[in-house]
Amino acid sequence: MTSPAPSPSRGAPAPGLGRPIVDARGLWKRYGPLAVLKGVDLSVAERELVFIIGPSGSGKSTLLRCLNRLEEPDDGSIHVDGIELLSPRTDINAARRRIGMVFQSFNLYPHMTARQNVMLALRKVLRQDRAQAEAVAARALERVGLAERMDHFPAQLSGGQQQRVAIARAIALEPRVMLFDEPTSALDPELVGGVLNVMRELRQDGMTMVVVSHEMAFARAAADRVVFMADGEKLEEGPPAQIFGEPRHERTRAFIRQIDRH
Amino acid sequence: MGGFENFLFSFFNLKVMATYLPLIAQGLGLTIVLALLIVVSGLALGLGLAMLRACGIRPLNWLIIFTVDLFRALPPLVIIVLLFFGLPAMGLGMSSFAATWLSLTLVLMAFAEEIYWAGITAVPKGQWEAARSTGLGFFQTLRLVVLPQALRITIPPLTNRTIAITKGTALGSVVGVAEILGASQSAMSFSANPSPLTLGAIAYLVLFIPVVALGRWVETRFAWKR
Ligand SMILES: Nc1ncnc2c1ncn2[C@@H]1O[C@H](COP(=O)(O)OP(=O)(O)OP(=O)(O)O)[C@@H](O)[C@H]1O
Ligand SMILES: [Mg+2]
């Protein structure tokens, strides 16, 4: 493992974790007159699992999507694994293969089988030959418990299985960090567990993860740090015990009370 | 002669039909060549324009939309006549065959572009985002992820439009292309009997029924479970 680097002043990762993999500073994003991100900092250490919570419209998805430049911030800087993401000289496609993303709506390619979904970027981005890509895809699908379903099309899979294929598609590229945007929100309750189990295993394998989700029990059990966002700002952050147990801000307290009631 | 016999003599005169069968068969051949050229170039150009439009370059898109609307608004016969009689006035002579081919190609291109474009925009944004997030480039995503889904839903309207426009090859008869209708009309005036028109109609059926069937087959082949 790499030696821990001095952590930045704001948005610092929890102590005892590796060097920062994601380091975003002063992110601004506006849609017309509406400022959705107002100078947000976020630093994520190697192997850290950061949970982002907050009310609807607070900018959680926007923040996450800035981290692989699906959304272009108006101001600020983002480093991922040492790459300056917002620099015009950066090859964004090369950078993105180090940043896996999982979406609320799975977004599997419906015209391809599970295995083909995973293989596409292996073949076209990593330029692996067919045999190698097939083997890598098979291993990734095994990791998410879908070895038996490799040749199924997305429509032949349950929502939970589809989301696990989407996770396999991302991890097959061996990203340095995984971004999850409400990965279980579109799932029937009985299918949530399977996806969370896969995420738990990823974490045990040392994957760096940023997760936007309302799964508070999972956050309590698995997160290193919880970030609470409101109105485009990071209102507070800390270990789950602190954020859920003794939040400093009234808004955080109100939000957690409201979520826990459900 | 009774009315029915009269009808048979006029439209199913076997002697006349036998005499002019070779001429109309030639017309059929010419129609096939013309139609194939139009289908290939029209669909390819339409796809090219739709892909260009997907790049989202504003002034270019205005130009594409203007061109497409122009060729969708003008009656195909007007375009054929303009190209055949108008261009030579500007010193750009063109054979009747070429004028017909180019006109219908432009019309098919225009309609096909709109259909492809509708297909491309019907593919959810999440498909682009998923593909781009794995490091695929814009054109890779378009070609490997978006177009296969877009093309599948475009096949029924595209097939209908393609058939409608290739039937427009008959318009070539106006400027003297000896395709099916042109050949039938010549045969009709030589023989002073409309039976060749019956042959012509049969020739169109022989040509287009398989095309319709092919469209159906492609439609089922491109289907995947949703
Ligand atoms: N493309 C866009 N154009 C205009 N406004 C947008 C756009 N995308 C997001 N917004 C606005 O930005 C704000 C933040 O959106 P964002 O999706 O980041 O919120 P969120 O915290 O993820 O909310 P949710 O919990 O509902 O997913 C919202 O008010 C939203 O309406
Ligand atoms: Mg969101």
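For all residues, glycine too, the Cβ spot is worked out from N, Cα and C.
TrEMBL: automatically predicted annotations, no manual curation.
The shown structure was predicted, so the numbers you read here are calculated from the model rather than taken from an experiment.
Lifted from TrEMBL, the feature list:
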type	residues	note
DOMAIN	B:28-215	domain 'ABC transmembrane type-1'
TRANSMEM	B:20-50	transmembrane segment
TRANSMEM	B:62-85	transmembrane segment
TRANSMEM	B:91-112	transmembrane segment
TRANSMEM	B:170-191	transmembrane segment
TRANSMEM	B:197-218	transmembrane segment
Using a Cβ distance cut-off of under 8 Å, indicate which of B:20-50, B:91-112, B:170-191, B:197-218 has the most pairs with the transmembrane segment (B:62-85). B:91-112
Long-range neighbours of the transmembrane segment (B:20-50), counting only residues six or more past its ends (CB under 8 A): 64, 67-68, 97, 100-101, 104-113, 115-117, 120, 158, 162, 165-166, 169, 172, 177-184, 186-187, 190-191, 195-196, 199-200, 203, 206-207
Counting only residues 6+ away from its ends, which parts of the chain sit with a Cβ under 8 Å from the transmembrane segment (B:170-191)? 13, 16, 19-20, 23-24, 26-28, 30-31, 34, 76-77, 80-81, 84-85, 96-97, 99-100, 103-104, 197, 199-200, 203-204, 207
